[in-house]
Amino acid sequence: GCKARGDTCQKDCDCCGCFYKCHCPLDWFGGKWHPLGCSCVYGDKYICEKKKKECPNV
């Protein structure tokens, strides 16, 4: 299943829905190391287009 808003995630595709993205407050190294962790947050119409291309479950 997918992760709801506020849940810990590793990538955008982990998050439920087209408009939710995986946000990392301190994403220093391009997504490889997350000192504070990442969580699903509400994005925008652009994340929806990106997820439609990249995620099999959208």
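Backbone N, Cα and C define each Cβ position, glycine as well.
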Candidate cysteine (CYS2, CYS9, CYS48, CYS55) that Swiss-Prot pairs with CYS22 in a disulfide: CYS9
Cross-link partner of CYS16 (disulfide, per Swiss-Prot) out of CYS2, CYS24, CYS38: CYS2
Of the candidates CYS24, CYS48, CYS55, the one sharing a disulfide with CYS38 in Swiss-Prot: CYS24
Cα within 10 Å of CYS9 (disulfide bond) - qualifying disulfide-bonded residues among CYS18, CYS48, CYS55: none
Rounded Cα separation (Å) that holds between CYS13 (disulfide bond) and CYS55 (disulfide bond): 5
Distance, CYS48 (disulfide bond) to CYS18 (disulfide bond) (CA atoms, angstrom): 5
